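Residues or ranges marked as domain 'Fibronectin type-III' in TrEMBL: 1-58, 64-159, 259-353, 359-454, 460-557, 657-751, 757-817. Feature annotation from TrEMBL assigns domain 'Ig-like' to 163-252, 561-646.
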Amino acid sequence: RESDHRAWTPVTYTVTRQNATVQGLTEGKAYFFRIAAENIIGMGPFTETPKELVIRDPITVPDRPEDLEVKAVTKNSVTLTWNPPKYNGGSDITMYVLESRLIGKEKFHRVTKEKMLDRKYTVEGLKEGDTFEYRVSACNIVGQGKPSFCTKPITCKDEIAPPTLDLDFRDKLIVRVGEAFSLTGRYSGKPAPKVTWLRDDIVLKEDDRTKIKTTPATLCLGILKSVREDSGKYCVTVENSTGSRKGYCQVNVVDRPSPPIGPVIFDEVHKDHMVVSWKPPLDDGGSEITNYIIEKKDTHRDLWMPVTSATVKTTCKIPKLLEGREYQVRIYAENLYGISDPLISDEMKAKDRFSVPDAPEQPIIKDVTKDSAVVVWNKPYDGGKPITTYIVEKKETMATRWVRVTKDPIFPSTQFKVPDLLEGCEYEFRVSAENEIGVGDPSPPSKPIFARDPIAKPSPPINPEAVDKTKNSVDLSWHPPRHDGNGKIIGYLVEYQKVGDEDWKKANLTADSCPETNFKVTGLTEGLTYKFRVKAVNAAGESEPAYVPDPVEVKDRLEPPELILDANMAREQHVKAGDTLRLSAVIKGVPFPKVSWKKEDHEVSPKADIEVTGVGSKLEIRNTVHEDGGVYSLTVENPAGSKTVSVKVVVLDTPGPPRNLQISEVRSDSCYITWKEPEDDGGSVITNYVVERKDVASAQWLPISSSSKKRSHMAKYLMEGTQYLFRVAAENQFGRGPYVETIKPIKAIDPLHPPGPPKNLHHVDVDKTEVSLVWNRPDRDGGAEITGYLVEYQEDGAEEWTKFQTVPMLDCVVTGL
């Protein structure tokens with residue numbers, strides 16, 4: 001029976017042995033057992049087990065732990081986890097034994113004496129680069145069980161994994177003001193990444209409303225009681241040494257708009273309606289303004305009446321007003337999230353308040369000339385409507401009729417230049433203003449003026465200075481006055497004063513004797529110091545004097561020559577033949593230096609134009625030819641010294657004719673042409689030669705070669721027996737030079753040589769006074785047909801041969817012997 005029951009349950013009635021196996025028991029429950037013996041008479045008394053028995057398997061060592069895994073590896077630590085064995089051996093696990101083996105060694109060593117019942121352990125203090133494998137065993141009351149399967153070999157090094165980012169929010173988020181919102185997500189990476197939150201590129205930090213929570217796997221940004229300023233582009237950055245990931249969310253914290261911006265402007269006021277305008281709110285609450293709500297109120301009543309609630313314009317007509325009553329207007333802005341506080345206008349009375357403009361004040365006339373005058377006036381009151389134009393009128397003082405000066409509108413300027421006046425006539429002017437109601441009254445007439453050019457004395461000359469001096473003169477220079485007084489400057493008066501004297505002496509008696517802005521004061525005494533001043537003169541009189549700043553001591557001034565070279569005086573100047581050569585330089589020096597141009601230390605060519613001015617010199621040669629090249633020098637000299645500069649001029653031209661044209665190796669169909677390069681290459685490298693031939697019977701030259709860079713050419717394809725002339729020209733980048741031509745024609749024939757000796761000469765008959773000879777033809781005829789054979793004889797012992805005769809055949813009878 002079970003220990004907590006009273007009823008006994010029979011197990012078997014047929015046991016003849018002294019043992020029995022009881023089956024069908026429940027593990028973990030406690031039971032009592034009893035046994036009785038039985039014979040044919042009956043059953044004896046039961047014997048009962050003294051104490052209860054708990055049903056359980058026999059206790060053994062635990063099975064091997066399962067799922068041994070490496071969770072993290074660094075350069076000096078390894079973190080391991082495992083699961084308990086499937087069977088604990090019938091007794092609770094009391095501890096786990098973790099062992100490691102260094103790869104290359106045979107034995108496992110126990111890592112720690114900790115019990116590690118949480119089935120997780122980090123092995124620390126390892127050496128970077130070492131490789132271990134691990135196993136774990138479970139222990140119970142009986143002892144230590146089998147070890148788990150070994151891990152793979154694990155090398156101690158920092159694990160690296162780029163960051164990952166998984167966000168729980170979308171790209172855009174809209175939040176009502178006062179509500180809280182949060183941005184959450186998950187991340188990973190090795191080493192553990194750094195998490196940074198930004199709003200509009202500014203790093204967020206925790207405060208009363210901003211909460212940032214980051215765990216090893218999750219991240220969260222929370223904003224409590226959001227305000228409009230929390231709107232912006234939020235960014236979370238997850239970054240470690242291997243890289244970074246970013247997530248974005250555009251958060252828009254929305255609210256009802258702020259009130260429209262005042263003041264309310266009454267653009268139009270009438271007896272029965274008004275037109276008002278205003279400006280949009282500074283803050284639209286993060287959502288577009290959907291409409292404005294406009295209401296009106298009679299100031300004698302407390303009731304606000306609706307005008308419209310469906311306009312997006314910032315202007316509105318307020319209708320149905322009672323004339324003479326005062327009204328206020330209030331305006332609300334509305335968006336998707338609510339209605340703003342109102343903008344309330346000032347009080348405004350409903351009445352027509354517009355009229356034509358007032359008359360302007362008396363206009364002022366200025367800048368009068370012989371045919372024009374400028375009329376200036378002040379803007380009058382516009383009568384409540386903007387002025388659209390001004391009307392300017394003129395009349396001669398003796399006339400009665402006013403005439404408009406222009407049909408064009410005059411606005412917004414309050415001045416106008418009246419043209420087409422008659423010189424010498426006296427005029428008055430008046431001005432009227434016009435708005436959309438009509439034309440106002442004209443102003444009082446201006447003071448009368450005569451149409452003529454005013455003349456005043458000129459202002460003084462500008463910046464007088466002493467620019468040169470000698471032992472008895474000083475050269476002065478100045479600029480014209482800024483104002484000529486509306487009269488032509490007749491000329492200038494120059495005065496001088498010896499330092500220490502009081503009187504000024506005139507250097508010229510009349511202004512027209514010095515019409516230019518320079519003057520040489522002569523008749524001064526060498527060694528003395530003088531002051532100078534200049535006055536401008538027009539028909540109205542003399543200007544105030546302008547003084548030369550410093551006194552001037554009269555003496556000769558010496559300055560050594562100075563040359564300021566122009567760009568065409570560089571060290572080498574290249575000019576194309578036929579173009580113009582220009583060499584120029586600015587020359588300074590006191591007294592002005594003597595100028596001389598030379599070419600190769602000789603006088604320059606008569607075709608050169610040389611010009612010397614007070615500031616420089618210029619040499620110009622038109623239609624240059626190659627012979628104009630060479631070294632040109634410019635020398636400037638005065639008593640204070642001299643200076644010389646040189647420039648090499650290269651006139652670039654076509655080359656000269658080739659030299660020493662020779663024809664050799666003449667054959668029936670070819671000949672060999674040679675020549676030497678021209679004496680003058682035209683200042684540029686010869687690029688090629690042109691070779692041509694001509695049949696003496698033809699007028700036309702035919703090209704043989706136009707690209708030869710060598711100084712020889714084989715002329716082929718000649719017609720045998722024809723006579724030819726040849727010519728050669730050189731080319732450079734500037735063109736083809738003149739041809740050199742063969743002096744006499746060349747006939748295309750193979751060269752002739754004497755024939756070879758006849759062969760096999762012998763006699764065939766002999767008489768007392770004659771000998772018959774025969775012979776064979778020679779091996780070679782020398783390039784021409786054999787015309788005959790010369791027969792000679794010699795007496796034995798003599799030195800001279802005697803000519804007998806020339807025969808055409810291969811035999812001869814020599815007689816007269």
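Keep in mind that glycine also has a Cβ here, set from the backbone N, Cα and C atoms.
Curation plays no part in TrEMBL annotations; they are all automatic predictions.
When pLDDT is averaged over the domain 'Fibronectin type-III' (1-58), the result is 85. The helix, strand and coil residue counts that DSSP assigns across the domain 'Fibronectin type-III' (757-817) are 0 helix, 29 strand, 32 coil. Residue counts for the domain 'Fibronectin type-III' (259-353) under DSSP (helix as H, G, I; strand as E, B; rest coil) come to 0 helix, 50 strand, 45 coil. Residue counts for the domain 'Fibronectin type-III' (1-58) under DSSP, split into helix (H, G, I), strand (E, B) and coil, are 0 helix, 11 strand, 47 coil.
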